[in-house]
Amino acid sequence: MASKNDPFQFQEFDEAGTLLESNRDAITISIDDEDLKSKRQRSAVGFAQDVGDEEPLISEDREELLSGKNKNAPFWTFEYYQKFFDIKTHHVRERILGSLVPWPGKNFIQVHLRKNPDLYGPFWICTTLVFAIAISGNLSTFLRYFGNSNYKYTAEFGKVSIAATAIFSYAWLVPLGLWGLLLWRSNKILNLVSYSFMEIVCVYGYSLAVYIPAVVLWIPHVEWLRWLSIVVALCLSSSVLVMTFWPALRDDHPKVIIATVAGIVLLNGLLAVGCKMYFFSEAKLGPGHVSPPAAIITNGTSS
């Protein structure tokens with residue numbers, strides 16, 4: 001049996017009830033009231049924040065710490081580019097479809113990127129296009145002279161390096177020049193829309209996706225089909241680029257607008273036509289492709 005003088009035994013105190021009965025006009029303050037009062041004071045000052053608003057921020061910080069991302073990493077480190085390869089497959093698929101079917105009035109950056117550019121899709125699109133051009137070019141040459149007894153097929157692996165240089169130079173150097181131009185014009189005209197360099201690279205990378213099926217159509221030696229596929233791919237790719245960068249150009253000087261749009265379309269057309277003329281032209285039979293003539297036997301002697 002517990003002792004009556006046990007210090008750990010719960011006891012009831014009646015002093016508070018007695019004091020309230022003696023003075024009914026007294027004001028009582030509870031801990032809950034203090035919390036409510038402090039919340040009202042913070043809301044009046046403007047520092048109030050709902051719990052629902054705090055939890056996503058805390059969860060985002062926790063996810064960034066767990067994933068090891070560092071937003072302040074310098075651009076020459078791998079950590080800086082790591083976030084541009086963190087993208088889900090369905091997002092890449094949506095961006096590819098958006099580049100294949102441009103819709104008037106819809107900006108590719110605002111609709112599909114949403115301030116989250118990636119390099120995963122552009123890298124693999126450029127790589128796929130490089131191998132598609134090289135393989136299709138070799139296959140087209142093989143089919144062109146198939147059955148010719150004087151032709152000896154040899155794979156031209158040098159086309160891979162040439163195609164890679166052309167495609168990746170276009171996908172990086174042209175966005176770099178356009179980014180510098182837009183940055184220069186935005187400093188002169190304050191109300192112009194500006195895009196980051198990675199956003200421009202992302203748009204140019206996805207705009208090349210339409211050339212992959214077009215290159216496959218260049219394998220048959222049907223010139224009208226080749227030029228038709230070039231025109232269709234050029235119109236779709238240029239439409240994506242022009243509609244994307246139009247908000248950053250429409251308030252500029254008319255001469256600058258015309259020159260920039262013409263440069264975007266011209267460089268895109270030079271890439272398509274240049275690849276067609278170099279990799280899919282009618283190749284001439286050189287010494288390495290012509291088999292040596294058979295020896296002619298005459299009167300028991302070879303000549």
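Just so it is clear, glycine is given a Cβ too, placed from its N, Cα and C backbone atoms.
Taken together, the residues of the domain 'Yip1' (100-273) have an average pLDDT of 89. The domain 'Yip1' annotation in TrEMBL covers 100-273.
Below 8 angstroms of C-beta separation, residues 81, 84-85, 87, 92, 95-96, 155-157, 159-160, 163-164, 167-168, 171, 198, 201-202, 204-206, 208-209, 211-212, 215-216, 218-221, 275, 279-280 of the same chain, each at least six residues beyond the ends of the transmembrane segment (119-140), sit close to that stretch. Taken from TrEMBL, the feature transmembrane segment applies to 119-140 (among others).
Sequence-remote contacts of a segment are chain residues at least 6 beyond its ends whose Cβ falls under 8 Å from one of its Cβ atoms, and for the transmembrane segment (160-184) they are 122, 126, 129-131, 133-134, 192, 194-197, 200-201, 203-205, 208, 245, 248, 260, 264, 267, 271, 274-275, 278-279. What TrEMBL lists as transmembrane segment is 160-184 (among others).
Residues or ranges marked as transmembrane segment in TrEMBL: 196-219 (among others). If one looks beyond the transmembrane segment (196-219) by at least 6 residues along the same chain, the residues whose Cβ comes under 8 Å of a Cβ in the stretch are 84, 95-96, 98-100, 108-109, 113, 117-119, 121-123, 125-126, 128-129, 132-133, 136, 139-140, 143, 167, 170-172, 174-176, 178-179, 182, 225-226, 229-230, 232-233, 236-237, 240-241, 244-245, 268, 272, 275-276, 280.
Taken from TrEMBL, the feature transmembrane segment covers 225-249 (among others). Sequence-distant contacts of the transmembrane segment (225-249), counting only residues of its own chain at least 6 positions beyond either end whose CB sits under 8 Å from a CB of the stretch, comprise 98-102, 104-109, 178, 182, 185-186, 192-195, 203-204, 206-208, 210-211, 214, 217-218, 256-257, 260-261, 264-265, 268-269, 272-273, 276, 280.
The feature transmembrane segment is assigned by TrEMBL to 256-279 (among others). Within its own chain, the transmembrane segment (256-279) has Cβ neighbours under 8 Å at 133-134, 136-137, 159, 162-163, 166-167, 170, 174, 178, 181, 185, 207, 211, 214-215, 218, 226, 230, 233-234, 237-238, 241-242, 245, 249-250, counting only residues six or more beyond its boundaries.
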